[in-house]
Amino acid sequence: MATLSQKKLMESVRLMEREWVKMHKALVRSRCGEVKEVRYRYVEMIGRGSFGVVVKIMDDRHNFFALKRVYQDRRYHNRELGILMEVDHPNIVRLVSYFHTDKTSSGAYLNIITDFVGMNLEEYIKANRGVETEEIRSVYRQILEGLRYLHEKNICHRDMKPSNILIDTNGLVKICDLGSAKVIKSGERNITYICSRFYRAPENLLDYKEYDFKIDIWSVGCVIAEFRHPGPIFKGDTSGSTLNRILEIVRVTSDDLIGLGCLKPDLKQGVGIRKYLEAFFSDPDLLEVLEKSLAFSPCKRSTASELLRKQFFQQAHE
């Protein structure tokens, strides 16, 4: 059964496609609190999810932006807007302004206007199979720079995947869609059913609630592997089959599983993530970074700062 937010989302989609082809006026509030009137019109749908739609809009000066519209139920707090107002980094999408519309006793539409970047990494990878290692290095570094910034602010993205990473024609990378992002604290218990299944870290698949920022590192390792691997590396129809796929490839010890609250006596050793990826990547320094990103145990998985100090990312600066 569709939730109230999902029903409102479907109504919103129909409204956009029908009425937003003409210029609209709106009083918006910038990230610094300034209120002003803007004019914009709908250009095209960029994407839609369970709780929001993203459209390309154009203002009266012919500048393009992305507008994310979600139905904000009054009973729940929207963390994304607060996080976007706090962050400011070249590798994270920038909040331009926001406004509410159609306010009722049950809620309102929240409209978040951000930078428009023409392509996401899912599209980029499909169009650039066999891309040079130098380009992979640039993309990987920029993602990690953005994550290091978020993690230093105790913000975990919790939904890193190719479609949530944008790249422009100059190769500038921006992390987007902070709808699942949250400030997390050490030892805090959080929901584990987050992040798209193919990019979900083992601790989430095992329902280990005291996870940390390392889940983002795992997800990004999965994303980067797709530059050469034919599709998601840990593809499964269910959480269980995704976990089994991980166990087939990644070397796991009994202690790794016990540390995540799981006992699996019949554990069989995977081939090893590095050995598996050697069929697709030849650069030993890149393989080292991927191996550190895709360690099964979060205790053995590197942080963004640690990865950025690896030889693979130093080469471009030498």
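Each residue, glycine too, has its Cβ placed from N, Cα and C.
If you look up Swiss-Prot, you'll see 40-313 marked as domain 'Protein kinase'.
For I46, G47, R48, G49, S50, F51, G52, V53, V54, K68, the entry in Swiss-Prot reads ATP binding site, with the evidence type sequence analysis. Close to R48 (ATP binding site) in the fold, though at least 6 residues off in sequence, lie L9, V13, V54, each with a CB less than 8 Å from its CB.
As annotated by Swiss-Prot, active site, proton acceptor applies to D159, with the evidence given as sequence analysis. D159 (active site, proton acceptor) carries neither a helix nor a strand DSSP state and counts as coil. All protein chains included, D159 (active site, proton acceptor) registers 21 other Cβ atoms within 10 Å of its own Cβ.
Around the Cβ of I46 (ATP binding site), the same chain contributes V54, V55, K56, A66, each under 8 angstroms and 6 or more positions distant in sequence.
The two recorded residues, D159 (active site, proton acceptor) and G52 (ATP binding site), have Cα atoms 15 Å apart.
Sequence-distant neighbours of G52 (ATP binding site) (same chain, 6+ apart, CB under 8 A from its CB) are L9, K68, R69, V70, G179.
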